[in-house]
Every structure is written in structure tokens, then in C-alpha cells.
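**Q** Shown below is the structure under consideration.
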Amino acid sequence: MWTRRWIQFLVLCLHLWVTVEGYLGVFRGDVNETITLSCNNVTELTAWFKDNNSGVVLACDGENSSDGRFSRINGSSLVITMLQIQDEGNYSCSKCSEDKSSQAYIQLKVSSGPYNVLADISPTRTLPNGTIYTSVGSNLSFGCSSNSYPAPDLEIVLQRTDANPEPFPSIKGNNFLQFNLINVASNYQGNYTCSAVNPLSGRKLNSTRQLLVYRPPITSIKCYANNSLGFSKMLLSCSWPGGYPDPLLQWEQDGKIIANESFAANTKDTLVTYLNSSSLRVRQQFQCSGKHLSTKENNMKTCQIQIDLPLLESQPMRTCFTGENVTLSCSVSGAVPSATITWLRNISDPESDIQPGKKYLISQKDSLSYLTILNCSHEEDEGYYTCKAENVLGIKEINVWLTVNKPHNIVGLVTALLLLFLLVVAIITGTVLYCDPQIYLKANPFRSGATDVLVLVDSEDEENEEVFDTAESVQYTDIVPNVPPPAANGHLSKHEVMFHRPPESTSSDLFSEVSDDTGEENQNEEI
């Protein structure tokens, strides 16, 4: 029961609001459009007022306003042409046959735009086709603006070629949006769309700018020269990879630009051209210039090459024993473009290159070439071998002489030398012993423990001086009496030195007595 009464109450309130207040709703129109306001389906003549009767838009006695933009249709509906923003407001209508107490109210809203939508990205540089670009690592400011009434809702969206749209900051009810990006990366390249939406009309307008994010090449510019087309032409190759977009490359010869040729080897980051060998000279210089849009306009990168003949080095002579292997080497330096190395046998066939096979092995490491001759033969292999280096400028050659010898009996030679050495030692030893046999006696190892007795015999005075050394296991021997007669002048003419071995039984006292007696005799002789 209460629910039923409550519903009846709401219906009554709505009826009173419609009849008493007379609110007819909201009308919306765009600038410069024509809109018709209906006065609650009234068919008789009505008057129109704006903003709480403060201004008469269309009186009962008139069909049109003074400016002609307001008119009455069907006696009750108000027609507004060339709608303007200032026309927005609250309108009321009333029957001319009644007083103003019974009025119907209408709210008119006017929208404009959006228009003049602009997406701005700065600082950037512009290509001839109008596309803007920047470099990796730059700081950019993004702006989005629009004219609209009421103020629009603004948004910036990034659309990459290989990803879903990425929204950026947005703002509602404002005519300008701005944000900054610091240290821009390569993945921020794409189309930036500034979207402006009129919140009243829902009308949407976009402005799109394509932004390219360039990056310089990651490597330095490099130049090459080669003989890939043969020795009649020289290829010049200039490469500067890793950048976006592709660099601009140009070859120069002695300050003059070389016309670019179309080659299959030409790529976006490599420029290849060729020159005839007849136009080349030793130590001629070439330069490749590279320019990239990510760098400053005057910041160009260059590389130079100087062409030259090869320089050869090798051992002039080599030796090989019959049946063994030998390796000849040849080094090349200074050749630009690089030289091709071949080996020739200038005795058997000087015009034919040596080919690898059962007899020869050829290998090359960088600028070194090796020729290995297997199973050397004096008849076949001895002689000159030629190392030839050739590039587009010319040919250089160097000769190596190979001598093939028979192997020697090394063991027999060593044995002969050893026997000769032993013979010389034996001869020297025999000669020494023959000239002075006492050397052997003194050096006799069996007498190392003996003590010798030295006896001095005075032939003139028949006096003996004996010096004894203590010893063990020595046999005693008497003085030999055969003494020559004294000299006529009374002087001592000769001494004899004799060694004796005292017997083991001789005591030390005997040696002391002999020493004392000898001393006394010497004193008497001095007196």
C-alpha cells in the first residue's frame, strides 16, 4: 500500500513540475546552424523570452526579430538561424492569450568546433617533404591545441608501425596540452596524433605529425680496395653501417668526385665503384666522404686509402737433404689493394704457377705464403723458386735458391772425433811421463801415507845432514859410502839427495839423538 501511494506521489510531482514550471528540455545546436525551439506543442500564437524574461526575443506582435535571425513558425515555434555562441541560454515561451505565469522553459546549448587542431613537436628539423625528424637522445616538447566551445578534451596518441597505439597524457576542458620527453629513444618514432573532442557535440578532430628518430652509424666509416674484377680494374668500396637512415657516401679522387656506378654490391650503407688500371699510379690517394642526417650539417666523416705495389721478403737460400722436406716462405707487405701470391719454378716452366699436389704443398696465412717441397731430389728440385705477388698496379718477384745435399754419416763423424781426442790425450800424457818420470813417482797414490827421509851428503867434508820425518811402516837404509873426492879449492862441490825408509822398529828417541849430534857437528865446523 505504501509503495502504491509513493508512486502516485512521484507522478503528481512530475505533473506539477511539467505544468507549473513548464520545463521542456535541452536543445543543442552548432554555430552557424539553424535550430527550432518548440513550445510544448502549442499551436496558437506565443511569445518568446530569454534568461528569465529579461529580454524579449520575439513579441506577440512581431513575426521576426530586428536582425532577422529569430522568427516564429506555426505561430508557436521559435526558429533561430545562423546560430551563435551568444544565443546560448534559457528560453521561455508563453501563450499570447495568457499571462506570463504559465510558461514553458527550454535550455539551449551551443557548440563550436573543434577546429584548428594542431600537433606540435619541437625542437626538430624538417625534411624537404615536410616530415620532421630528431636524433636519438634528444629532448622533445609535445603540444596539442584546438579551438572549441566549450573547451575540448585533448589527447595525444602514438601509433607505431608494428605496435598498438600508445596513449600519452590527456586533459579535459582545456584548449592546450603539453608534455616533455627526455632522452628520446628509437622506439619513439611513429605518427603522433593530437585528438580534440567537443564534450557537447562529441565531434572529434585529429591532427597527425610523423616523427622520425634518426641514429648515427654505430661504427666508423671504412674504405677498401680490391682486385675482385681482375687485375685490369680496381674496386673501391666505402662502408658506414649501423645508422638510420642510410648515410650519404661519395668517392673522391685527387679532390674530384668519382661518378657512382651501379653495382650489385651497392647497398644502403655501402658505396662501390671501379677504376681502370690504366688510370692508376703508384701511391695515388682516394677519399670517401660520409654524411648522416643525425649529425650536424658540416660534420662529415672521411676515410682515405693510398694504393701501392707489393713489397716482398724471403730467405735468398735454403738447403735440403735428399729425401727430406723443406718449406720456403715469402712475405708480402705494403700492397694496396692486397696482392695475390703465387709460386713459380723458373727452371722447368717459368711461366706456369706451381700447383699443390703430391710434390708441393702451398699454404697462406695473412701476408705469408709457404711452399713445402716433399721428398727433395737433387736432380728435380735444386734451383731457383720464384715468389710472385701481383695487384692491379703491377707484379713483384723474388727468387729463392734451393740446394739439395746428400745426408752425412753423423755417427761416424762423432766417433772419429772422439778417437782423435783420446789419441791426443794419450800422446800428451806419454810425452810428459817420458820427459820427467818423477812426476809419476810423486803422484803415486800408493805412497800417499809414507814419510820420506831426506839425507844431504857433503862430498867435500864427508858430513851428512839428515832430516827425518815421523812416519809409520818405513824401512831404514844406511848412507851410501860412495862419495867423490873433494874439490881442489876446498869448497863443496856436490850434494847428493837420497831418500831412505826407516824401519818400523826405529824409535823417536833415535831420531832426536841423531838430530842433536848433527847440530853439534855443524857448530864445530862453524867455529
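Glycine is no exception: its Cβ is also placed from the backbone N, Cα and C atoms.
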**Q** Looking only at CYS93, CYS194, which is named in Swiss-Prot as the disulfide mate of CYS144?
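**A** Answer per Swiss-Prot: CYS194.
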**Q** Scan CYS238, CYS330, CYS376 and flag the one Swiss-Prot records as disulfide-linked to CYS288.
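**A** Among CYS238, CYS330, CYS376, the record in Swiss-Prot lists CYS238 as the disulfide partner of CYS288.
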**Q** Pick out which of CYS303, CYS376, CYS387 Swiss-Prot lists as the disulfide partner of CYS330.
**A** CYS387
**Q** Over the domain 'Ig-like C2-type 4' (310-399), work out the mean pLDDT and round it to an integer.
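**A** Reported value for the domain 'Ig-like C2-type 4' (310-399) is a mean pLDDT of 90.
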**Q** Do you know the DSSP helix, strand and coil residue counts for the domain 'Ig-like C2-type 1' (14-111)?
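**A** Grouping H, G, I as helix and E, B as strand yields 11 helix, 45 strand, 42 coil.
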**Q** Starting from CYS194 (disulfide bond), work out which of the glycosylation sites listed here (ASN32, ASN52, ASN64, ASN129, ASN206, ASN375) have their Cα within 10 Å, and give them in sequence order.
**A** ASN206
**Q** Measuring C-alpha to C-alpha, could you say which of the glycosylation sites ASN52, ASN74, ASN206, ASN375 are within 10 Å of ASN325 (N-linked glycosylation site)?
**A** ASN375
**Q** Here's one to test understanding: among the recorded positions ASN32, ASN74, ASN191, CYS387, whose C-alpha is closest in space to the C-alpha of CYS238 (disulfide bond)?
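**A** In terms of Cα distance, CYS238 (disulfide bond) lies closest to CYS387.
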**Q** Sort out for me which one of ASN52, ASN74, ASN129 has the most neighbouring CB atoms within 10 A, since those are the glycosylation sites we care about.
**A** ASN74
